[in-house]
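Structure first, commentary second.
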């Protein structure tokens, strides 16, 4: 009597601990909501999902647990519906197959080897809780430092591909439960295969995400190198210009002394134009201003009429490299598009601001005369280089990490990109 009571208390404690590790595993994939009540409700639902008992031909438990699991994610986590649905497809077959195997193997041992002893039943029940706790603790630890990167990196097509693989496993698991034969051990191998398949699918996605992230980091590193190269070139040119200022003023003074005032005025206008082009102040943010100066000078060299209206002081919630990615890539694309139009039609208009409420808005519009090419949902240009056309995709990757929006519109003569990002929405 006392022994079974002790095992009941121990089992209850293990039940809550195992569910806690299950919840922590999910937080590696999804960002919990900030409200304590919603997180608490989500955890309580997770208690039912994690430790659900699945019997052979158990239509009710397995069918009810799916919407319950999805409701748990809707209430307690912040990601998009597609990501939450993908997490359900990844984890539900693992939960069901693991619990089914533990319950069935334990029952078989109790009936065939322990003569249905009451104390042995209590021991086996607690052993199942221990295995459940250890399993989810192990799963949490191996996922802790990798899965958020996966969520940040994968696009919708990657999630859908993962869903297709996991959906097949889910179908197999539900079929095994719905149509379990009298000798239930005949489906144990299938259940184990489904568990391993889903786990391997998650590990494979880790590997793919690391490769994708590596390529993105290489692109960003190249972008950063290009940015600093342009910045250094601009600084060298500015230093050279300042070094020659005395000579320029000597020329102006000489023309004035010789009474050639008109020539002196013309010379001075040219000098003033060069000076203003080298040191324009578009905004108070030094990084954005440096990028805009480099791109503005390049645009002027190509005879492009530029209008920049920038109201940005600080952007604490956007990484400086991400800002460079947005401004540099969109301006590079705009300049390249303008260079293919008639000189008198070359125009770029850019507006960007960061509000006090924590919103970053960005709009760039440029003239064009070539048809916009699309390939597999991605923008392409007419250049033959393999690396060309990745600019817009880099921008989309940045905006996706901050859960912002990108709206691209175009007609026969113009191309426009609009971006909106809210503070506090970045995926960790």
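Residue numbering: from 1, along the chain as shown.
Positions of Cβ are set from backbone N, Cα and C atoms, glycine also.
Annotation source TrEMBL lists transmembrane segment at 6-24 (among others).
Within its own chain, the transmembrane segment (36-54) has Cβ neighbours under 8 Å at 15-16, 18-20, 22-23, 26, 61-62, 65, 68-69, 71-73, 75-77, 95-96, 99-100, 103, 129, 132, 136, 177, counting only residues six or more beyond its boundaries. Residues annotated as transmembrane segment in TrEMBL: 36-54 (among others).
What TrEMBL lists as transmembrane segment is 60-77 (among others). Through the fold, the transmembrane segment (60-77) approaches residues 26-27, 30-33, 38-39, 41-43, 45-46, 48-49, 52-54, 84-85, 87-88, 91-92, 95-96, 174, 177-178 of its own chain, all at least 6 residues removed from its boundaries and within a Cβ separation under 8 Å.
The transmembrane segment annotation in TrEMBL covers 89-111 (among others).
Per TrEMBL, transmembrane segment is recorded for 123-140 (among others).
With a threshold of 8 Å between CB atoms, the same-chain residues lying at least 6 positions outside the transmembrane segment (160-180) that come near it are 54, 56-59, 62, 82, 85-86, 89-90, 92-93, 96-97, 100, 154, 187, 190-191, 193-194, 197-198, 201, 205. According to TrEMBL, the transmembrane segment annotation covers 160-180 (among others).
Marked as transmembrane segment by TrEMBL: 186-209 (among others).
Positions annotated as domain 'Sensor histidine kinase NatK-like C-terminal' by TrEMBL: 319-421. In the predicted model, the domain 'Sensor histidine kinase NatK-like C-terminal' (319-421) has a mean pLDDT of 83.
Away from its own ends, the transmembrane segment (186-209) comes close to residues 90-91, 93-94, 97-98, 100-101, 104-105, 143, 146-147, 149-150, 153-154, 158, 162, 165-166, 169, 172-173, 176, 180 of its chain (Cβ-Cβ under 8 Å, at least six residues beyond either end).
Look at the domain 'Sensor histidine kinase NatK-like C-terminal' (319-421): DSSP puts its residues at 34 helix, 37 strand, 32 coil.
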